[in-house]
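Copied over from TrEMBL:
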{"type": "ACT_SITE", "residues": "Lys82", "note": "active site, proton acceptor"}
{"type": "ACT_SITE", "residues": "His100", "note": "active site, proton donor"}
{"type": "BINDING", "residues": "Arg134, Gly214, Arg215, Asp236, Thr240, Tyr261, Val288, Ile329, Asp330, His331, Leu332", "note": "NAD(+) binding site"}
{"type": "DISULFID", "residues": "Cys216-Cys259", "note": "disulfide bond"}
{"type": "DOMAIN", "residues": "7-146", "note": "domain 'Alanine dehydrogenase/pyridine nucleotide transhydrogenase N-terminal'"}
Amino acid sequence: MSFPTLHARAEGKPFEHRSCLTPTTAKKLLDAGYPVLVERSPTDPNYSRIFKDAEFEKAGATLVDTNSWETAPDDRIVIGLKELPEADSPLKHTFVHFAHCYKQQGGWEQVLARFPRGGGTLYDLEFLQDSTGRRVAAFGYHAGFVGAALAIKTWSWQLTHPNGEPLPGIETFTDGRGYYNNETELIAQLKEDVAAGEKVAGRKPTSLVLGALGRCGSGAVDLLEKVGCPEIKKWDLPETKDREGPYPEIIESDLFVNCIYLSKPIPPFVNLESLKSPNRKLSVVCDVSCDTTNPHNPIPIYNINTTFDKPTVEVSVEGNGPRLSVISIDHLPSALPRESSEAFSDALLPSLLALKDRTTAPVWQGAEKLFNEKSETLPGGVPAKEV
């Protein structure tokens with residue numbers, strides 16, 4: 001099969017600075033024979049890409065206008081990261097991105113139906129799997145890393161701002177950028193936060209990380225250890241398989257970082273009733289999975305996603321325990337956009353190199369099969385292609 005043209009679109013989600021393609025992976029695709037077009041980064045700093053246009057141009061990619069994918073020839077493969085902006089127009093291209101519409105999330109029918117209505121195809125990044133069933137690329141490590149970072153920052157903020165003022169947006173701590181330049185900058189700042197909180201509390205925070213053995217959980221544990229908070233309960237399947245929640249160990253920890261996504265209903269890890277316990281120390285929950293609209297949400301104490309400009313939502317809790325804040329940002333790795341993008345894109349590269357053989361390559365055939373199966377679950381069945 002000939003090499004298809006790859007069209008890397010600009011992201012349209014506020015505070016999303018990551019990129020599915022990086023200058024490094026774009027060059028490797030170009031060297032392999034793929035034509036690579038990259039949309040110019042939006043000028044609005046809230047939407048700007050961490051990689052400058054000049055970096056892609058230096059790698060040999062052709063720069064094209066922002067949002068030009070909408071009128072691009074039908075045979076281009078449109079590569080992005082997060083979901084497309086909300087719209088009702090049918091989609092005619094082959095798309096590679098996280099669409100968040102396969103788990104019956106809120107509004108999934110409208111999102112998914114756009115593809116068959118236009119004759120398009122969705123290769124959802126969340127479900128690209130190798131022959132063993134493992135995801136070929138994921139942002140899990142950096143999601144857990146940044147989630148734990150914001151949990152630490154919130155813990156310190158609560159102690160140093162006892163008047164109840166919520167944690168301000170991340171731009172407050174990053175010179176207005178809305179992201180950290182690198183891990184070193186983030187760790188240095190968090191060590192200062194830990195010291196400030198410890199000065200008030202007389203101790204460092206205790207944490208419970210659920211899913212500690214996975215990509216996401218290992219990122220959370222690494223962050224906590226790097227900032228000098230090693231008192232961590234590292235929970236995974238062995239700690240939960242013979243017990244049902246709610247778990248008192250969660251509410252007896254200062255921080256709870258949830259790195260588990262569930263596809264079936266189980267008793268909640270924590271709920272409003274369990275928070276009434278007189279033993280509650282819990283003051284920060286970071287729900288890294290944050291499938292807020294999922295009917296199987298195991299943390300039913302909040303119902304909205306938070307954002308980098310408003311990172312926390314307060315939970316009204318009965319009793320005399322500490323105030324409780326929840327972090328539920330669905331694109332946490334964007335706070336470390338360069339490092340997380342490089343790691344993800346590098347892991348994805350072998351699959352991208354196989355796009356010319358997507359009719360036979362197992363990773364793409366599996367993704368297309370799943371798309372067709374999910375399309376058949378749409379109310380009324382697969383919609384007819386609109387002319």
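Using the three backbone atoms N, Cα and C, a Cβ is placed for every residue, glycine included.
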Tell me the Cα distance separating Cys216 (disulfide bond) from Leu332 (NAD(+) binding site), rounded to the nearest angstrom. 11
Counting every protein chain present, what is the number of Cβ atoms, excluding its own, within 10 Å of the Cβ of Arg215 (NAD(+) binding site)? 16
Looking only at C-alpha atoms, tell me how far Thr240 (NAD(+) binding site) is from Cys259 (disulfide bond), rounded to the nearest Å. 14
Sparsest Cβ surroundings (other CB atoms within 10 Å) among the recorded positions Lys82, His100, Arg134: Arg134
Whole-number Å value of the largest CA-CA distance among Arg134, Gly214, Arg215, Asp236, Thr240, Tyr261, Val288, Ile329, Asp330, His331, Leu332, listed as NAD(+)-binding: 27
Sequence-distant neighbours of Cys259 (disulfide bond) in its chain (C-beta under 8 A, six or more apart): Gly140, Ala143, Gly144, Gly147, Val209, Leu210, Gly211, Ala212, Gly214, Cys216, Gly217, Ala220, Val288, Ser289
Inter-residue Cα distance where the pair is His100 (active site, proton donor) and Lys82 (active site, proton acceptor), in Å: 9
Which residue, out of the recorded positions Cys216, Val288, Leu332, shows the minimum number of other Cβ atoms inside 10 Å of its Cβ in this structure? Leu332
Per-residue Cβ crowding (10 Å cut-off), top of binding-site residues Thr240, Asp330: Asp330
How many Å separate the Cα atoms of Arg215 (NAD(+) binding site) and the residue listed as 'active site, proton donor'? 20
Could you give the Cα-Cα distance between Asp330 (NAD(+) binding site) and His100 (active site, proton donor), in whole Å? 11
